[in-house]
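Here is what TrEMBL says about this protein:
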type: BINDING; residues: A:CYS189, A:CYS196, A:CYS199, A:CYS205; note: [4Fe-4S] cluster binding site
type: DOMAIN; residues: A:39-187; note: domain 'HhH-GPD'
Amino acid sequence: MLTKAQWQGCLEVMEEMFPDAHCELIHSNPFELLIATLLSAQCTDALVNRVTPALFAKYRSPQDYLQVDVEELQNDIRSIGLYRNKSKNIQALSQMLIEQFAGEVPNSREALVTLPGVGRKTANVVLSVAFGIPALAVDTHVERVSKRLGLCKWKDSVLQVEETITKKTPMNLWNKTHHQLIFFGRYHCKAQNPNCLSCPLLEVCREGKKRMKKLSST
DNA sequence: AACTCGGGGCA
DNA sequence: TGCCCAGAGTT
């Protein structure tokens, strides 16, 4: 198992590899972060970032999203996929924010997950990035990376992985950790053909060492 | 647990 | 061309 110090070392190395990873989800306010995160489902942020500048210039508040027909909103986000669900959710969510949360994005998980289209992962991103609250969205990349490195056991559930990382990550790294893990997992520690040969974390990585051993024996 | 939504990226 | 993808909701 990876120690807390080793884990922090890994996070620092990931930051050196992808220094601007966390910039992709920096937004001027929690509401824009919430919308951008919701749009990110099943597509990359690079794709989302192509529509958000125009989107956020046009819609600045929950009220703004309610002043157009759903078809118009669909057209504004069509290129990212899953646009029917997402448009519907954004309008329903805007309505709820106005009626139940005084137009503000709530800062508790219990409240966030009651919003349509917002599940645990989206809620955790908003909590950590917008409010600095320790919460980590565990997707396939985060799960794979933490298990390969040896931070978690292979049989751990998603919730167990989340608990372990939450426990071992220092407060000052909360707004970055998720994005560093995502980038590291997506572009380096890939699901297929991970680049172990050039990996700076090879010395501490459980799976990496195993793969190298196998490679040298054949 | 296994679907569905969905256009774009990439082999 | 066909497969996959920073998820959530429904059955």
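Glycine is treated like the rest: Cβ placed from N, Cα and C.
Shown on the structure are the features that TrEMBL records.
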residue  : record                        : DSSP (3 states)
A:CYS189 : [4Fe-4S] cluster binding site : coil
A:CYS196 : [4Fe-4S] cluster binding site : helix
A:CYS205 : [4Fe-4S] cluster binding site : coil
Legend entry - Residues that sit under 8 angstroms from A:CYS189 ([4Fe-4S] cluster binding site) by C-beta distance, when 6+ apart in the chain: A:HIS141, A:ARG144, A:VAL145, A:ARG148, A:ASN195, A:CYS199
Legend entry - Most Cβ neighbours inside 10 Å, all chains, among the binding-site residues A:CYS196, A:CYS199, A:CYS205: A:CYS205
Inset, instruction - Would you list, in sequence order, the residues of this chain other than A:CYS189, A:CYS196, A:CYS199, A:CYS205 that have their CB within 8 A of the centroid of the site's CB atoms, where the site is the one recorded for [4Fe-4S] cluster? - result: A:ARG148, A:HIS188, A:PRO194, A:ASN195, A:LEU201, A:LEU202, A:GLU207, A:GLY208, A:ARG211
